[in-house]
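Enquirer: Sending over a structure as structure tokens; questions will come in a sec.
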Amino acid sequence: MEEEIISLEDDDDFGGSGGFYNISPTSLNECDDVWAEYFGITPLLDLTSNLLNGSIAIICILGLVGNGRTIYLLAYSIKRNPFTTFILNLSIADCGVLTSFIIAAVFVAVLTPHKSTNLLFGFVFLFLELFFFTYSARWFLLMAISLDRCVAVLFPHWHRCRRPPYLPNLVCGLIWILCFLLSAVHLILYQTTNFGMSLFFFQIIVNGLLCTPLMVVSTVTLLIHMRSKLQRNQRKLLITILLALLFFLLFSLPMDVFYVIEYLGSYNPLLMTVGIGCAALNSSINPLLYFLVGRKKKGKEQLRASYKVALQRIFKDEKGSPEHQKTMEETHL
């Protein structure tokens, strides 16, 4: 048993012919342990780990319900505008991340040395790729949302009158295609070559170096412009985006940082569990933000306000503000 642990520690994370992605029967039992440790759901006796794992499961289920409700309302019940296209795609990406967490937990629960099969592990492998796919899409979608809001506050005339109406759909489509291609290349390379280093490690580095600085700059820009008179009528929308960006920076980065630490050779299962929990919370919290920001602050009806009404109050600002009407009048003149 000690020899097996040593051999696993010597392997590069998720890489190499003996690493996580090798689906050969000789490595299935080792892969079970690596997968379970990576997602922090090994049935440890430690009470802290068990409580964290239970909390993650509850967060994922609640997040799926909230994001599913958001997808339904934005797709079928609320009048679509260019900005809700981004929010709809973000909710879909969040559902993908949470689904991969939940199904991974279910498969690890049955992926024991007595029940391991190539088919079963193949399903686990596919859901890991689903996580890579949707997690990367979430990064790029939030970056696109932050840049869209910055353009809206810095160049309001172009954003409202000159921006092509199909641009949000085009951007979202390109993001999904790019992330799918990254996941496909990720899958093909691990099945056809022997890489000594994890491509997911470099994917995290690229996401962090490209997306994080842009989102930080966008967050600061929105904070500066939020108090201006021209943005008061869009305050609910700006507050929602700011909170989403801040929560993303606070809760998504820990998992990436812990993964990098683990990749460099200092693995702590408890830290990785906390990182996974932060990522699950980040993918679950947006529906709650929409409701809290969209409801009325005063009055007896604030607690009875439906989630649909809250969404309408937030996203109606996209076309209902006086600045938009004034800009449209100037354009017609």
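Glycine too: its Cβ is placed from the backbone N, Cα and C atoms.
Annotations for this protein, taken from TrEMBL, read as follows:
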| type | residues | note |
| --- | --- | --- |
| DOMAIN | 66-290 | domain 'G-protein coupled receptors family 1 profile' |
| TRANSMEM | 51-74 | transmembrane segment |
| TRANSMEM | 86-111 | transmembrane segment |
| TRANSMEM | 123-145 | transmembrane segment |
| TRANSMEM | 166-188 | transmembrane segment |
| TRANSMEM | 200-225 | transmembrane segment |
| TRANSMEM | 237-261 | transmembrane segment |
| TRANSMEM | 267-293 | transmembrane segment |
Enquirer: Please give the sequence-distant neighbours of the transmembrane segment (237-261): residues at least 6 beyond its ends with Cβ less than 8 Å from one of its Cβ atoms.
Expert: 83, 138-139, 142, 145-146, 149, 153, 200-201, 204-205, 207-208, 212, 215-216, 218-219, 222-223, 225-226, 231, 267-268, 271-272, 274-276, 278-279, 281-282, 285-286, 289-290, 293-294, 314-315, 317-318
Enquirer: Any residues 6+ beyond the ends of the transmembrane segment (123-145) with a Cβ under 8 Å from its own?
Expert: 21, 23, 35, 86-87, 89-90, 93-97, 99-101, 103-104, 107-108, 111, 171-172, 175-176, 178-180, 182-183, 186-187, 200, 203, 207, 210-211, 214-215, 241, 244-245, 248, 252, 279, 283
Enquirer: When you check the transmembrane segment (86-111) against the transmembrane segment (267-293), do you get at least 3 Cβ pairs under 8 Å, counting only pairs 6 or more apart in sequence?
Expert: yes
Enquirer: Of the stretches 166-188, 200-225, 267-293, which racks up the most C-beta pairs under 8 Å with the transmembrane segment (51-74)?
Expert: 267-293
Enquirer: Please compute the mean pLDDT of the model over the domain 'G-protein coupled receptors family 1 profile' (66-290).
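Expert: Here the predicted model's pLDDT, averaged over the domain 'G-protein coupled receptors family 1 profile' (66-290), is 82.
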